[in-house]
Amino acid sequence: MNILVINAGSSSLKYQLYNMETEDVLAKGRVERIGMDSSILTHEVDNQPEVREVSEILDHTTAIKKVLDMLTHKKFGVLRNMSDIQAVGHRVVHGGESFSRSVLVDQAVKLEIRKLFDLAPLHNPAHMMGIAAVEANLPEVPQAVVFDTAFHQTMPPISYLYAIPTVLYSKHKIRRYGFHGTSHDYVSKKAADFLGRPLSELKLITCHIGNGASCAAILYGQSYDTSMGMTPLEGLMMGTRSGDLDPAIVPYTINKEDLTLNEVNSMLNKHSGLLAISGISSDMREVVDAMKEGNEKAKLAFEMYAYRIRKYIGSYVAAMDGVDAIVFTAGVGENSDALRKEVCQGLTFFGVQLSGERNAVRSSEPRRITSDDSKVSVLVVPTNEELLIARDTYNLVLEQHQTITEADSDEQSNEGE
Ligand code: AMP
């Protein structure tokens with residue numbers, strides 16, 4: 001079965017085509033600048049030069065049409081025709097309290113996702129455009145939705161409630177949802193495989209440290225707490241997001257700087273974090289390079305960034321009354337040995353002994369970076385959110401086939417009676 005995984009944004013769309021028998025990526029790419037006259041489609045197939053096509057792509061339906069044309073292209077394609085795509089899986093950022101697992105798309109699911117537009121105004125409407133675009137191009141093909149928030153729906157009220165009047169929760173669903181759930185789910189399973197122990201016996205802390213960043217406390221296979229909140233702004237210091245701060249700073253800044261609420265919101269989401277403190281970049285590579293050249297602001301940004309991760313790890317050890325392994329993943333977590341070292345050097349009191357040699361190894365495979373006598377293991381596990389979306393979609397489609405086959409055979413045996 002071939003499954004197309006789509007991550008639709010408001011003006012961009014990423015895709016990966018999987019063969020589910022082998023879990024190989026047959027092709028991947030992205031469409032950028034949707035809605036403009038010079039949109040760019042970039043298409044990659046293993047061992048072949050990247051293809052780049054500039055054309056006018058005014059909406060998501062045209063973008064999907066272009067992707068399908070490319071996937072079935074005589075020279076650059078990997079499929080004979082569109083019927084070689086058996087299902088489509090979409091990443092959806094916000095599933096609110098309505099979705100605690102991935103589901104196949106139907107009218108009721110679409111209605112629920114629409115109801116959540118308020119909670120994720122930048123993301124969910126774009127995902128819906130992606131779903132509608134696939135429907136327009138491949139009307140017979142089943143689609144599934146995989147939510148960033150779903151994995152965290154197991155959090156207990158002590159983790160997900162904010163200490164504010166409860167009417168705000170009952171009326172407006174203001175609570176912690178958490179994000180990067182697909183990644184925390186994927187790497188926690190991989191970590192258990194690597195450790196050779198059942199996930200249901202493990203206390204894990206997973207640190208998804210990319211441009212956006214979050215930590216999760218995963219108790220016996222279920223999310224118990226996570227650092228992002230109602231939106232992805234809360235928690236760790238990130239590339240351009242502030243993470244945790246005193247909420248009183250918002251009205252104070254509005255008054256002192258004569259800013260609007262939207263301007264402060266934009267400041268906290270787009271002009272804070274690593275970028276603000278380093279004054280250089282939101283990209284950790286550039287911050288580390290500047291620090292090595294003696295830039296003091298870059299050093300402060302790097303240390304603050306690591307310190308916040310360390311504090312969250314400490315708090316999750318307390319939340320779960322222990323930890324078996326800490327897992328680093330995503331762009332910074334997988335690639336920056338300097339950051340991992342800075343985080344772990346403050347964790348010796350509960351038994352983390354980092355191995356400098358192992359921490360310096362680069363690999364695309366899961367690996368341990370602590371010494372053999374370390375009481376707590378620290379692992380680096382490359383994440384793969386697209387693969388998890390493809391797997392969930394595959395399983396949902398198989399379940400559906402099975403249900404239909406069982407219903408058919410029940411009907412036949414009733415007719416025979
Ligand atoms: P992601 O959001 O997971 O794609 O991660 C993006 C972030 O990973 C960017 O801020 C990059 O700077 C960071 N990154 C990628 N490679 C490295 C590296 N070798 N060292 C430090 N940061 C890196």
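For all residues, glycine too, the Cβ spot is worked out from N, Cα and C.
Feature list (source: TrEMBL):
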ACT_SITE  ASP148  active site, proton donor/acceptor
BINDING   ASN7, GLU385  Mg(2+) binding site
BINDING   LYS14, HIS208, ILE209, GLY210, ASN211, GLY212, ASP283, MET284, ARG285, GLY331, VAL332, GLY333, GLU334, ASN335  ATP binding site
BINDING   ARG91  substrate binding site
SITE      HIS180  site 'Transition state stabilizer'
SITE      ARG241  site 'Transition state stabilizer'
Secondary structure of ARG241 (site 'Transition state stabilizer') (DSSP, helix/strand/coil): coil
Candidates ASN211, VAL332, GLU385, namely the binding-site residues, that fall within 10 Å of ARG241 (site 'Transition state stabilizer') by Cα distance: ASN211
ATP site span - longest C-alpha distance across LYS14, HIS208, ILE209, GLY210, ASN211, GLY212, ASP283, MET284, ARG285, GLY331, VAL332, GLY333, GLU334, ASN335, in Å: 24
Per-residue Cβ crowding (10 Å cut-off), top of recorded positions ASP148, ASP283, GLU334, GLU385: ASP148
Those recorded positions in ASP148, HIS180, ASN211, ASP283, ARG285, VAL332 whose CB falls under 6 A of ligand 1, listed in sequence order: ASN211, ASP283, ARG285, VAL332
Secondary structure of ASP283 (ATP binding site) (DSSP, helix/strand/coil): coil
Nearest of the recorded positions (ASN7, ASP148, ASN211, VAL332, GLU334) to HIS180 (site 'Transition state stabilizer') - Cα to Cα: ASP148
Chain-internal residues near ILE209 (ATP binding site), provided their CB is under 8 angstroms and they sit 6+ positions away: LEU236, ILE309, PHE328, THR329, ALA330, GLY331, VAL332, GLY333, LEU339
Fewest-neighbour residue among recorded positions, criterion Cβ within 10 Å, set LYS14, ARG91, HIS180, ARG241, ARG285: ARG285
Three-state secondary structure, which DSSP defines for GLU385 (Mg(2+) binding site): helix
Separation of alpha carbons, GLU385 (Mg(2+) binding site) and ASN211 (ATP binding site) (Å): 15
The one of ASN7, ASN211, VAL332 whose CB sees the fewest other CB atoms within 10 Å, among these binding-site residues: ASN211
